[in-house]
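Trainee: Encoded as structure tokens, here's the structure I'll be asking about.
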Amino acid sequence: DFLFFWGAVFLVTTTLVALFKKENKELIPAKEETKGITDTYRLLFSIIKMPAVLTFCLLILTSKVGFSAADAVTGLKLVEEGVPKEHLALLAVPMVPLQIILPLVISKYTAGPQPLNTFYKAMPFRLLLGLEFAVLVWWAPKVKHEGGFPLYYYAVVVLSYALHQVTL
């Protein structure tokens with residue numbers, strides 16, 4: 001029903017735009033300079049050879065190596081240690097408002113002459129969070145009791161995930 005409704009809204013709005021929107025025929029578009037395929041690839045490779053672009057590519061391609069294991073394995077290890085999957089899934093709910101608000105807050109730091117400075121400053125903290133995730137996994141069997149995990153353990157996990165979202 002949801003998809004049907006929005007599909008109908010899409011069809012109606014695009015039909016109305018097609019019927020009522022008129023093109024401005026007075027403006028003659030300027031002739032764009034087009035290059036051939038070989039010229040385009042020559043330009044692309046000359047851009048790629050620039051030192052700043054090479055450094056940026058190297059940074060982007062290798063930046064996730066330091067925390068890829070901690071990000072990918074933490075949830076699985078917590079489940080292995082006895083934390084129910086359902087509880088971990090519920091811990092993602094408080095992260096939604098944070099994921100919405102953080103880009104708005106951080107955007108004033110990433111817009112400007114040096115937008116990657118925020119990225120550079122967050123990297124060491126994100127690497128340290130990998131150690132924190134390891135401690136969380138190590139701590140899980142120690143706080144587990146017959147009824148499951150205490151509420152303060154889940155509070156620490158939510159706080160850790162929130163810090164992870166900030167550095168992410």
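Glycine residues also receive a Cβ, built from the backbone N, Cα and C atoms like all the rest.
Below are the features I grabbed from TrEMBL:
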TRANSMEM  6-22  transmembrane segment
TRANSMEM  43-67  transmembrane segment
TRANSMEM  87-106  transmembrane segment
TRANSMEM  118-139  transmembrane segment
TRANSMEM  151-167  transmembrane segment
Trainee: Where else in the chain does the transmembrane segment (118-139) make close Cβ contacts, counting only residues six or more beyond its ends and a cut-off under 8 Å?
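Mentor: Residues 63, 66-67, 69-71, 74, 77-78, 81, 106, 109-110, 153, 156-157, 160, 163-164, 166-168 contact the transmembrane segment (118-139) from elsewhere in the chain.
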Trainee: Grab the same-chain neighbours of the transmembrane segment (43-67) for me: Cβ-Cβ under 8 Å, and only residues 6 or more beyond its ends, written as numbers and ranges.
Mentor: 35, 123, 126-127, 129-130
